[in-house]
Structures are given as structure tokens and as C-alpha cells.
């Protein structure tokens, strides 16, 4: 006679009622700036023909991904702070987790593709136009999106077959896999192992490839005799490097480091970086630090 769980309770940041209004205003402001900034990037890239290059094609894809990423998590948080109802149906939980995982994996691969684009531009400038052609750009962009959706379909299917008998409280602010697996009353060892392996495969290789690309870029830039030339070459990829460091630092901290019960709250804090802050800072970094974007804005 086991009770089947029909909904989960997302505890969030365990704040008191007095802080709900403050957090609602803060996250609403973040969401508005995130959506507005990324839409602005997309419109700017599409409207300005000088930005019709591989670099800005991938930047437009990243902006579109960040809009979907934020819209998958923040509206649900805002409703919980506005109405005080922190419950979510089981199907709703799986739906948010599915899109969260899909978009997260897609972002890992897309950032890797962008680092490869910068590697070719800086280290192989003579071969760049022929190698990074329109067909390859479309293939790399499509592969990033499709890989994310296919990969997380497997994990979502495995987790959805677990039994949940209670309790149903989850110490997190969005629908993630590990907090949910801990609540399962069935044998979740295999599912947890598969989830860890897939998370490692989808994050570590892209991180290593991205790191290798920037290592080659740094070596190439250091060989430039002119200080002005070095500064100009590295400035083309500095914005992407900042985004990559912020994103992977938080991802690896949450999903690669060993998990203990005492780490739930710190992991929840680190999760804020890649779920909320990274989509927010992307348009700010690319707008404020990129000369071509600022020039297109002036025109």
C-alpha cells in the first residue's frame, strides 16, 4: 500500500514570506533584462549585414538558446514567489527537466563550436574563409541543438520510470535530476550512474576541447611581435572566454564534484550561475566588449 506522488514541492531558497516580494522583483528584473538583451542581439545580427559572419551566426544561436533556457526556469520561479504555491506536478517536473537538460547540453556543444570558430580565425586566418563556410556553420549549429535534445531524451525516459512514494519536497529552485533521483523509492543506482556518466560525457569533452582551442589561441597570440596586434587578436575571443569560464566553472562544480548531503545548498547557489546569471551576462558581455557590435549599434 504505497502512496504514489502526484506533485513535488520545490523549496527554493527557503526564504521567509517577507523576502518573497524582494526576490520576485529581483528575478523579474533579471528575466526582463535577459530576454530583452538576447532578443536585441538576435535582431542586431539579422538586421546588420556586416554581422553576417560565422562568429555572429553562432552568437545568434547562443542568444536564442539563452532565451529558451531562461524561459524554461524563471517564469515558474516567479509564479511561486507571486502566489506562494511551490508545488509542481510530476509531469510538469519532467517537462522542465527535459528542456533544461536539452538546452544545457546544447549550450556546452555550442560554446565548443564558438571556441573552434575563434581558433580558426586566430590560428588559421588564411584557411578560415574556406573551412568555416556557410554549410559547415549550419551543420555545427544544427548538431549542437540536435545532440542536446537526443541526449537528454534518454535520461528523461530513465528517470520517468522511477517510483516516487514520498516525501515529495525537493531542496532546489528548479527541476534537476539528482535531487529527484534521491526521492525515488525504487532502485535508482543504475539511473544515477547513467546520469553521472552522461553528464560527464556532455560536459568534460566540450570543456577540454574549448580549453585546447584557447590554449592554441593564447600561444598563437603570444607569438605576435606587435603588442597592438596581440591585444587586437585576443580581444576577438575575450568575450567568449569570459562566458565559457563562468558557465563551466559552475557546471563542473555542481555535476562533476562528489555529491554529499551537506553540499546541496552550495550546489543550489552554484546553479544560479549557469541557469540565471549566464543568460543575463551574455548580451551584456558581447555588447559592451565587442567593437563590431557597438559599431553596428551606432549605425
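Cβ coordinates come from backbone N, Cα and C, glycine included.
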Key: TrEMBL annotation (transmembrane segment) - matching range among 54-74, 180-200   = 54-74
Task = Report the listed stretch (22-47, 54-74, 94-116, 237-257) having the maximum count of Cβ pairs within less than 8 Å of the transmembrane segment (269-288).
result = 237-257
Ask   = Who are the chain neighbours of the transmembrane segment (94-116) in space, where the CB to CB distance is under 8 Å and they lie at least 6 residues beyond its ends?
value = 55, 58-59, 61-62, 65-66, 68-69, 72-73, 76, 88, 140-141, 143-145, 147-149, 151-153, 155-156, 159-160, 174-177, 180, 202-203, 206-207, 209-210, 213-214, 237, 240, 243-244, 247, 251, 274-275
